[in-house]
């Protein structure tokens, strides 16, 4: 039960279905869990159209249309995202200074294939690039990381300056699907792979100067469901008693979380340890990096 000063808990909705070619253990243990109750009850949908090239996409707030399949109709299995025949339903997640939108972007079959394709394509950093600097000391990152994007882009955080590798076919397809769904364009993605529930990410804000402040960050989750926690900056530390309570989400396999301004100004976010999770997760955070002249 979630009290006023406890995490805002969001229950599960989506079930998994088996996909031919997907390892049975992976399919049975990855529990893609959606949300049927959110911080606010408003629902909205996005139409399909050309994205705003200046990264100022806007979303309408009309109720989503539910489409029923004709009897005997079968879904085509493909790692490439399909055109959106209908706008996808969105859920609004709001708190003081927090503005996020959540949706299930890919169905189970699509998400399974995308996960497996990324396992084949993504090359993760090793050596010094797999470490971060904290107060002058070097620590191994408790997950695997990679960066991809447009030619010449770099991204700096935690003492690292990372050069973007060229887009892989699957990352490019997911990027295009996110653009169609949100109306925003992205030129860079940070890939984080969590081998199990012990891999994690500490509290931080995505406030690097390279980021375009007019463009939200789009986070796509594939694999094991994990908790994602927002904590207000005034609620952190021993004396942090003045801010609103934390907001805790469980991100589903195939889901998209859109974090808009001013979220990263006021709220830290983290992916805490989940010891009972024994399967991998891949997270893609699409961003728009300002190109240096």
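If you go along the chain as it appears here, the first residue is 1 and each next one adds 1.
The backbone N, Cα and C atoms fix where each Cβ goes, and this holds for glycine too.
Since this is a predicted model, take the numbers as computed values, not measurements.
According to TrEMBL, the protein has these features:
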BINDING   135, 136, 137, 155, 156, 157, 207  substrate binding site
BINDING   192, 194, 204, 269, 281, 285, 287  2-oxoglutarate binding site
DOMAIN    185-290  domain 'Fe2OG dioxygenase'
REGION    48-85  region 'Disordered'
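Positions of the features from TrEMBL, shown on the structure.
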| residue | record | DSSP class |
| --- | --- | --- |
| 155 | substrate binding site | strand |
| 192 | 2-oxoglutarate binding site | strand |
| 204 | 2-oxoglutarate binding site | strand |
| 269 | 2-oxoglutarate binding site | strand |
| 281 | 2-oxoglutarate binding site | strand |
| 287 | 2-oxoglutarate binding site | strand |
Averaged pLDDT, computed only over the residues in the domain 'Fe2OG dioxygenase' (185-290):
89
Compile a sequence-ordered list of residues in the same chain as residue 287 (2-oxoglutarate binding site), six or more apart from it, whose Cβ lies below 8 A from its Cβ; state 'none' when nothing qualifies.
155, 186, 187, 188, 189, 190, 206, 211, 212, 215, 217, 218
For the binding-site residues listed here (155, 194), tell me which residue's CB has the most neighbouring CB atoms inside 10 Å.
194
Inter-residue C-alpha distance, residue 156 (substrate binding site) and residue 281 (2-oxoglutarate binding site) (nearest angstrom):
23
Among 192, 194, 204, 269, 281, 285, 287, the annotated 2-oxoglutarate contacts, find the widest CA pair distance and round it to a whole Å.
20
Sequence-distant neighbours of residue 269 (2-oxoglutarate binding site) in its chain (C-beta under 8 A, six or more apart):
203, 204, 205, 228, 229, 230, 231, 259
Would you pick out, from the binding-site residues 204, 281, the residue whose Cβ has the largest number of other Cβ atoms within 10 Å?
281
Among the binding-site residues listed here, 156, 192, which has the most company in the form of other Cβ atoms within 10 Å of its Cβ?
192
List the residues of the same chain that sit at least 6 positions away from residue 285 (2-oxoglutarate binding site) in sequence and have their Cβ under 8 Å from its Cβ, in sequence order, or write 'none'.
189, 190, 192, 206, 217, 218, 219, 220
